[in-house]
Amino acid sequence: MLVKGMSARDEASETGGEGTTRPSRPRPKVRLRMINAKVSRGSALFLGGLPFLFVAIVYLIASAQRLAVNPSDKLLPSPAQMWSAFLDLATVPDRRSGDLILWVDTYASLLRLFAGVGVATFAALSLGIAIGFIPRVRAFLLPFVTVVCVIPPLALLPILFIALGLGETAKITLIAVGVAPVMVRDIANRVMELPSELVAKAQTLGGNSWTMVLRLVLPQVMPRLITCVRLALGPAWLFLIAAEAIASTEGLGYRIFLVRRYLSMDVILPYVAWITLLAVITDWLLVRLSQAMSPWAHPLEAR
């Protein structure tokens, strides 16, 4: 009875007594935190394009102002001047050699880049798995790899040119030596992060070391390996351009430093944009390769 009376009294107080309804309290607005806000595909494309649009507008304004003062200015060429120079390099044969300069330079640079990164990838996969999976190999090689990681690769460039000559071997070796040690350490760390329960179960099922490497370690390591290659592309391009600038007769880096003598920014800027485009395409292809080989490692992209 007491409970019923109290509940009736509370009900009456909420409704304001005799038939009157008390206004309900407004619910507090829940503010969505920035970290929880989802971005649609269209918004992502718009926001991602804003920095590029800003840089383009600033360049166009600065170029127009300089060319208005001095039409012969070479520092900030107009887009039409850069496009004309780029088309000449891509479609007009060179007077001396008869080659299409842009494509010859691109082929030479990509050949060196892929050769150096390929050697580094093979070293990272083999040595990284061995260091991370076999304790004796880890004790033997990990200190050496750790020390090599902190050596500035460009400091080795004169040594490589003296020891290996000015040919392709020195350039490819510089790229491989520059990116391989970091990749080896990263792969070794990934192998050491594997749960010990998986290794114990594999041994219980009768798997030997080689079988566990192929069936257990390798599938877990492949996504990280492709990520390592993606992160290594930037330094690899740096080492390639540095080597081509010092000792080469063809290549994208060689051409940039060659026309620098004549202040040919209408060639340098398109070459830089071309290198950037090649790097972006390579990175995109590696992402697609990783998604195809290891879809389980890309849950967000699959949604």
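Cβ atoms are placed via backbone N, Cα and C, with glycine included.
Note: TrEMBL annotation is automatic and uncurated.
Per TrEMBL, domain 'ABC transmembrane type-1' is recorded for 110-290.
Here TrEMBL flags 1-27 as region 'Disordered'.
Marked as transmembrane segment by TrEMBL: 43-62 (among others).
For the transmembrane segment (113-134), the list of distant contacts is 141-142, 145, 168, 171-176, 178-180, 183-192, 209, 212-213, 217-218, 221, 225, 228-229, 232-233, 236-237, 239-240: same-chain residues at least six beyond its ends, Cβ to Cβ under 8 Å. Marked as transmembrane segment by TrEMBL: 113-134 (among others).
What TrEMBL lists as transmembrane segment is 141-164 (among others).
If you look up TrEMBL, you'll see 225-247 (among others) marked as transmembrane segment.
As annotated by TrEMBL, transmembrane segment applies to 267-287 (among others).
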Long-range neighbours of the transmembrane segment (43-62), counting only residues six or more past its ends (CB under 8 A): 76, 79
